[in-house]
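A.B. asks: What Swiss-Prot lists as N6-acetyllysine is Lys65, Lys66, Lys73, Lys80, Lys143, Lys146, Lys191, Lys193, Lys279. Among the features that Swiss-Prot reports, phosphoserine is placed at Ser129. What Swiss-Prot lists as N6-succinyllysine is Lys146, Lys193, and the listing cites similarity to another entry. Under the heading motif 'SIFI-degron', Swiss-Prot lists 2-15. Sequence annotations record features per position, and here Swiss-Prot assigns transit peptide to 1-35.
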Amino acid sequence: MAPRLCSISVTARRLLGGPGPRAGDVASAAAARFYSKDNEGSWFRSLFVHKVDPRKDAHSTLLSKKETSNLYKIQFHNVKPEYLDAYNSLTEAVLPKLHLDEDYPCSLVGNWNTWYGEQDQAVHLWRFSGGYPALMDCMNKLKNNKEYLEFRRERSQMLLSRRNQLLLEFSFWNEPQPRMGPNIYELRTYKLKPGTMIEWGNNWARAIKYRQENQEAVGGFFSQIGELYVVHHLWAYKDLQSREETRNAAWRKRGWDENVYYTVPLVRHMESRIMIPLKISPLQ
């Protein structure tokens, strides 16, 4: 059986213009066949259908939605443990005013505390309708907002550190919409190898259908400013048991295993956060 598997590898590599086989290639091919038992030959066929064409456009142009000009900002605030309750109360008193004020072209998408992952952490997701001009308009107005400046001064005493990123949403994900609760949310963050964002998007565009039956898919984003080649997938579940059952169900669907097989090599690092919504969060 081994020589036959090796000859397949040689043929495939000649067609693709790659180098000759190595010992690890034979093991990888065998693992791929075992990985998709119910789909004989899928490993060989996938060598041809998953090739990504070279592009001249930026991946932000190719992967983001054309019909909207939304820009997103995600904030991670690491709070001093003794101040977490006070931080939440202060946040819930001030941020909704910006969300409801039509003079500010920004809106809250979601606000959470991290439950499992980094402790004593708050995560905020904002939407700027109108892209970078809306972001700058909002930032300029906040410089003259006395209440917001006081909020920032008070908040700074409660924080250990903070960071943010500007994001675009993938074209094949639905735009995040308010949800009734109670739900828990999972933010899965993937740090990709440079140059692999388009391949990631191509694979997930085919695979997202396997993760929508229970309405668990909330939003998918990729970074534009801040740490680059970072992807965030946001999911909603009723509870941890529901999360377990939903994720296991995906593995029983033909095609999901191939998506995992082809996207795992693109990842340098991945992280999962389980988050609980704050009272003000539109995503409950």
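Residue 1 is the first one shown; counting continues down the chain.
Glycine is treated like the rest: Cβ placed from N, Cα and C.
Could you place these features in context, so I can see how deep they sit and what lies close by?
C.D. replies: Cβ neighbours of Lys73 (N6-acetyllysine) (same chain, under 8 Å, six or more residues apart in sequence): Leu125, Trp126, Phe128, Leu135, Asn164, Gln165, Leu166, Leu167.
Within 10 Å of the Cβ of Lys80 (N6-acetyllysine) there are 13 other Cβ atoms, across all protein chains.
In the three-state DSSP scheme, Ser129 (phosphoserine) falls into the strand class.
Listed in sequence order, the residues of the same chain lying 6 or more apart from Lys143 (N6-acetyllysine) and placing their CB within less than 8 Å of its CB are Leu149.
Taking a C-beta cut-off of under 8 Å and a sequence gap of six or more, Lys146 (N6-acetyllysine) has no contacts in its own chain.
Packing around Lys191 (N6-acetyllysine) is summarised by its Cβ count: 15 other Cβ atoms lie within 10 angstroms of its Cβ, all protein chains included. DSSP assigns Lys191 (N6-acetyllysine) to a strand segment in the three-state reduction.
Sequence-distant neighbours of Lys193 (N6-acetyllysine) (same chain, six or more apart, CB under 8 Å from its CB) are Tyr229, Leu266, Val267, Arg268, listed in sequence order.
Counting every protein chain shown, the number of other Cβ atoms lying within 10 Å of the Cβ of Lys279 (N6-acetyllysine) is 11.
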A.B. asks: Could you state the whole-number distance in Å separating the C-alpha atoms of Lys80 (N6-acetyllysine) and Lys279 (N6-acetyllysine)?
C.D. replies: 20
A.B. asks: In whole Å, how far does the CA atom of Lys279 (N6-acetyllysine) lie from that of Lys191 (N6-acetyllysine)?
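C.D. replies: Pair distance, Cα basis, whole Å: 30 Å.
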A.B. asks: What Cα-Cα separation, expressed in whole Å, is found between Ser129 (phosphoserine) and Lys191 (N6-acetyllysine)?
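C.D. replies: Between the alpha carbons of Ser129 (phosphoserine) and Lys191 (N6-acetyllysine) there are 26 Å.
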A.B. asks: Suppose we draw a 10 Å sphere around the Cβ of Ser129 (phosphoserine). How many other Cβ atoms does it contain, all chains included?
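C.D. replies: By my count, 12.
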